[in-house]
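As written in TrEMBL, here are the features:
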DOMAIN    78-287  domain 'TLC'
REGION    291-335  region 'Disordered'
TRANSMEM  44-63  transmembrane segment
TRANSMEM  84-103  transmembrane segment
TRANSMEM  123-146  transmembrane segment
TRANSMEM  158-175  transmembrane segment
TRANSMEM  181-201  transmembrane segment
TRANSMEM  213-235  transmembrane segment
TRANSMEM  255-274  transmembrane segment
Amino acid sequence: MILQVTAKFAIMFITVQYNVTQTLDDRPEPSVHYQYGPKDIATVFFYLLIAVILHALIQEYVLDKINRRLHLSKTKHSKFNESGQLAAFYLFSFVWGCSILTAEEFVTNPTFLWEGYPHTHMAFQVKFFYICQIAYWFHALPELYFQKVRKEDIPRQLYYICLYIFHITGAYVLNLHRLGLVLLVPHYLVELLFHASRLFYFSDENKQKGFTLWALLFVIARLLTLTLSVLTFGFGLSRTDNQGFSLAQGNFNVLTVRMTCLSAICLTQAWMMWKFINFQLKKWREQSQIQASKKKAVSPKIKPSKKDSSRGGSANGVMKPDDKTSPRARKSKAS
């Protein structure tokens, strides 16, 4: 940025590209919007490096200090670091997403999700939000090596990292950023609650109330995602006037693309529900085993039977000799 020769190339990495100035009828002042293009790859790469640096700062100055106090095992240590990083990211993204939804009025009018498609023009906050989202999930791939994640945890993390990259990039490229933003915000809220609950659980295993609230919101978020997706792809986009496929105009409103997007979302939600059900069943089995072990540990007191009490030569608490003669009488007879 300092040298004039390299500034034109450096600015491509730092600032958001493809700005378009528009003059609307209801606003006399011109407004600046943005489109996407190949130069966004350079911007994503730059903010990927920023995400790596922020990841290291959170790990060094926050999570490692807490880990030293808790003295966690290797397995819990790895999950604690994962939840700490994701909770910070989900909190930041949720607050940022809510501010965009409030400013753009996406929530007040559901038809805004498909009216005027293709939505080739984005506000600065919307485009920068998607650039940061794509950069963060791409940065998570090298972090698997930097964080020395266990081999057992790598496939699980790769699954959800690739799913995030696939869905967020797909919404960005197919000009479905309005629907993608509306679906991401409640999803991030649910994930934030889960990882925050897991952090509290690692600090104190008795703190498990957050998982109950997370389970309820998880199901609601899945139903909301399916409802909005079916409403947008099945009813909204299929009834718009601008039907067709055009790369130049950014229009992908054809039956094949709509059904592919809807199928991808439905399959992802079904996979998440399958994982959720298995998690709840595993948790229920663990709790049942713990309760069974506690019942075995507390054994009932065994009361002596009447036969055992009578064998000892006692009746009603009074000791009785075996025969009618006393020991002194037997001794005198023997003498």
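Using N, Cα and C of the backbone, Cβ positions are placed for all residues, glycine too.
Automatic, uncurated: that is what TrEMBL annotation is.
Remember, predicted model here, so these are calculated numbers, not experimental data.
When each of the listed stretches 44-63, 84-103, 158-175, 181-201, 213-235 is scored by C-beta pairs under 8 angstroms to the transmembrane segment (123-146), 44-63 comes out highest. Note on the transmembrane segment (158-175): residues 36, 117-120, 130, 133-134, 137-138, 140-141, 144, 184, 250-252, 257, 261, 264-265, 268 of its chain, located 6 or more positions outside it, place their CB under 8 angstroms from a CB of the stretch. Sequence-distant contacts of the transmembrane segment (181-201) (same chain, at least 6 residues past either end, Cβ-Cβ under 8 Å): 79-80, 82-84, 86-87, 90-91, 93-94, 97-98, 100-101, 106-107, 113, 126, 129, 133, 168, 207-208, 210-211, 213-214, 217-218, 221, 224-225, 228-229. Over the domain 'TLC' (78-287), the average per-residue pLDDT in this prediction is 92.
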